[in-house]
């Protein structure tokens with residue numbers, strides 16, 4: 001059941017009308033010759049692949065799940081074959097370094113690809129998705145020999161990758177990890193320990209699986225300063241770079257989970273597995289953070305993907321399902337009842353999904369473009385500027401988009417009434433799949449602490465000011481246009497409030513760190529809305545300019561912007577109050593009296 | 001995994017300290033001799049049954065689900081035996097009419113029983129739960145013969161009951177229903193049609209299943225004014241009242257659902273099934289609404305039950321799980337990390353569950369007491385007053401408590417981090433089970449339309465004024481107490497705001513009905529908070545009075561009240577704004593342009 005069509009028109013709007021990507025890429029030597037037509041063709045092709053090959057496997061993947069038997073994992077029917085096609089079409093290489101066989105296209109395009117893949121099938125997409133993290137990590141920190149050995153196979157998709165961080169007693173708190181790495185005579189290491197929650201840790205889709213594993217050297221200092229990173233292949237590459245001897249890293253079991261059933265979540269037992277150090281000893285967490293940041297943006301795209309597909313399917317249902325008459329009198333007089341899209345609250349549920357999907361697309365594509373600028377801009381100050389914005393907004397992408405996606409998949413399901421709760425309609429799967437995105441790669445609480453503690457207060461608001469400047473410039477530029485008042489005024493107002501709120505929390509946190517911890521989650525939602533209000537105001541501006549073109553796309557965009565400002569932005573009134581309420585009411589009760 | 005302990009101390013606080021139940025019941029002749037000791041003993045016994053017999057079946061019920069084979073349904077391991085014990089202990093009869101074998105205790109006690117049953121196992125509880133609806137319907141509308149035939153068996157629990165409303169093309173809009181009832185020579189009817197989503201429609205736990213079925217007589221007017229109610233037993237009782245001939249009502253299949261796997265959600269095919277009219281022809285919907293209102297309160301108790309059990313289990317985990325150090329410095333210095341309950345946001349997640357559980361308990365027990373007053377008070381004006389309050393607040397109980405329960409079960413799961421997503425820990429089941437409560441027995445949107453359209457605007461605010469009077473009396477009584485300011489002031493303020501908001505929406509809705517539809521969901525949340533603020537202020541008052549007693553229960557209660565006012569009540573700032581934003585941004589976009 002269900003359908004997915006890549007939202008190419010809106011993607012093109014964001015890329016070309018909002019972001020002027022062709023122009024922007026001209027400032028990046030590596031991508032200067034990527035033109036709009038190329039981008040559009042690639043995305044159209046990707047969209048077709050997602051709709052036709054990956055989406056039809058979504059429900060079967062959920063129903064069958066992965067099967068574990070004696071250390072091996074069988075993925076659901078069709079997963080392996082779809083992955084073969086994905087590799088053959090060259091999709092894994094899209095945004096990889098040409099030096100290792102990549103196509104060298106912008107990250108932005110990879111991001112758009114991943115939006116569509118996640119709409120089509122999040123569980124399947126996690127297999128190639130995690131490889132990309134391993135690619136980035138080895139690309140940034142691997143020795144030339146490691147790069148030569150692993151990168152071409154990961155880039156081509158022949159091999160996949162994982163990140164092995166979590167252990168039973170430590171997830172958020174990696175300082176507690178116990179996996180040990182003993183040096184061997186040949187310069188490699190013997191690694192032993194147990195890792196859990198390893199997505200795509202074992203499967204039948206690729207010839208080899210390259211694990212990036214955090215472990216401790218014998219002389220390592222305790223805590224996070226004593227963690228090193230190792231590459232631990234399932235099969236040790238032989239002299240020709242082909243999978244050779246089976247390594248001592250084995251899947252002990254897979255988890256039964258709420259959702260993403262098609263992806264194998266593995267317990268990985270390392271029993272004197274041979275590994276090679278990546279980067280410097282005891283600096284493993286730094287190396288891993290490159291992967292984590294990429295992964296956090298990737299999780300944001302999972303949120304966007306699910307929001308979009310839930311919206312598309314609930315929209316179809318809302319137009320078809322006949323139930324009750326409009327409160328203002330019958331609309332479909334030739335039918336026994338009106339389609340439920342006539343009802344205001346059904347429209348609220350649809351428009352919330354639409355506004356959050358389109359807002360997330362604008363925000364995340366813009367952020368991906370900043371990553372390309374960070375990586376490839378000719379000018380160093382532009383690279384630094386972009387890097388700061390990416391660092392600031394990564395936790396917002398991860399947490400705000402996934403919180404919204406959980407809300408939106410639930411609204412999509414709610415539109416279906418009782419049918420939404422029934423598996424065959426496909427809507428409840430989106431809710432179950434969306435739920436993990438608020439947890440993994442750092443819970444959304446951890447994201448909020450990263451935003452408020454590290455990214456905002458950590459540099460006395462310097463990075464936040466950079467984003468604030470974008471908002472202020474826009475407000476000053478557009479503030480005089482009569483028809484932009486309805487967008488610019490609340491945007492400017494929220495910008496001021498965020499500034500005040502930040503200072504207030506900063507002051508309180510100086511005398512009591514718990515004040516930051518108490519405000520962080522509310523604070524992130526307020527910042528998320530500031531970002532969304534900024535992009536919705538920019539999109540409204542374009543729609544106003546073009547609404548007379550006769551293309552109804554702009555009428556739809558404008559109405560969605562108005563809905564966003566009228567019905568969603570007011571959530572900030574709640575979170576500003578809650579953030580300002582401080583830590584006292586959270587901390588005063590003794591733990592024993594709960 | 002997991003645990004459930006009946007929260008007897010808090011139940012006793014609500015019953016005896018907040019509601020003064022013993023005193024209140026003295027004004028109800030039917031219950032005048034029910035004393036506090038009896039109530040406490042019954043609830044303690046019920047709590048034991050829930051923890052020891054029903055709770056251990058919760059996870060197995062989810063994992064196994066119901067098995068359908070050739071018209072028959074096998075319930076999960078242990079369900080049948082637990083039901084046998086439930087019947088033997090006499091629990092089904094608790095609040096039933098002694099004229100039909102009931103124990104005649106107050107509804108209030110039944111409500112408390114159901115809170116605990118739902119904490120222990122919502123899917124199992126739905127089997128006896130739906131019987132109670134059938135009992136109430138036949139008790140109010142059945143002929144003496146029908147009552148004689150069915151009620152004793154339903155009261156004893158030997159037989160269970162269902163409500164058969166929904167058809168594939170109609171859920172909310174019962175006016176569209178097609179099931180036909182043809183009169184037979186003996187005064188009974190031959191009924192044919194298909195019903196879906198029939199909870200407990202078929203199972204192996206009882207000797208007979210009594211369906212209450214909505215259908216149309218041959219000459220019935222179209223729409224909701226042509227619907228009649230019939231009793232359709234699975235086995236037609238013989239002359240001795242024992243199950244006799246198999247009737248033509250059969251389960252065609254069961255649904256695969258997101259949650260409540262242990263409860264059979266049935267497609268019921270009626271093929272010339274023999275049925276008997278209940279109440280007047282074409283007045284079936286009125287009769288059914290008695291059941292619906294009871295069911296809606298019952299769904300609210302499902303919400304409370306799940307909130308409580310999610311809270312209990314996440315609290316255990318938060319005290320045990322060691323991860324990171326407190327932001328203000330190590331607390332458990334003898335351990336490698338601090339228990340996560342030291343972190344402000346973990347406390348937010350715990351206190352949100354605690355505040356919503358305890359608030360829901362106060363509100364719903366008070367409402368159940370109003371039902372007892374409505375049914376049994378000696379004074380007619382008191383009965384009328386209570387009936388109005390129950391009518392007003394039933395949709396709030398249903399929607400506010402179940403929305404909160406979904407939020408809270410998700411927070412409970414989030415406290416577990418990655419483990420929350422894994423089935424064996426049991427937390428994700430609560431989320432999946434809680435999700436249906438926002439949909440069935442009238443979606444929460446329908447509840448909000450019932451509240452705003454029918455209950456509030458429908459009588460020009462008269463019923464709302466009755467609740468408002470309670471708030472105002474409290475504010476006036478307590479407003480002079482210095483230490484109550486922090487509770488009374490925001491309560492009074494919200495009371496004023498609700499009044500203004502109601503008038504504003506009422507005015508707008510007079511010229512455009514969609515204005516009510518656009519505001520309803522936000523409006524219900526605001527009213528829900530007004531109710532919670534009222535009960536939390538009342539509870540705070542008691543806690544303030546007794547905090548010097550040395551019983552730390554009151555310190556906990558007071559801290560939770562403060563948390564509620566500081567961190568949860570501010571949500572009203574959002575919903576008041578969203579409600580005031582009106583219908584325009586929802587309605588202006590043409591359906592084709594979504």
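Sequential numbering from 1, following the chain as shown.
Every residue gets a Cβ built from N, Cα and C, even glycine.
Curation plays no part in TrEMBL annotations; they are all automatic predictions.
In TrEMBL this protein carries:
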DOMAIN    A:41-158  domain 'Acyl-CoA dehydrogenase/oxidase N-terminal'
DOMAIN    A:163-272  domain 'Acyl-CoA oxidase/dehydrogenase middle'
DOMAIN    A:282-449  domain 'Acyl-CoA dehydrogenase/oxidase C-terminal'
DOMAIN    A:469-590  domain 'Acetyl-CoA dehydrogenase-like C-terminal'
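Under DSSP, the residues of the domain 'Acyl-CoA oxidase/dehydrogenase middle' (A:163-272) split into helix, strand and coil as follows: 7 helix, 57 strand, 46 coil. Mapped onto DSSP helix, strand and coil, the domain 'Acetyl-CoA dehydrogenase-like C-terminal' (A:469-590) counts 107 helix, 0 strand, 15 coil.
The helix, strand and coil residue counts that DSSP assigns across the domain 'Acyl-CoA dehydrogenase/oxidase N-terminal' (A:41-158) are 87 helix, 6 strand, 25 coil.
Model confidence over the domain 'Acyl-CoA dehydrogenase/oxidase C-terminal' (A:282-449) is summarised by a mean pLDDT of 96.
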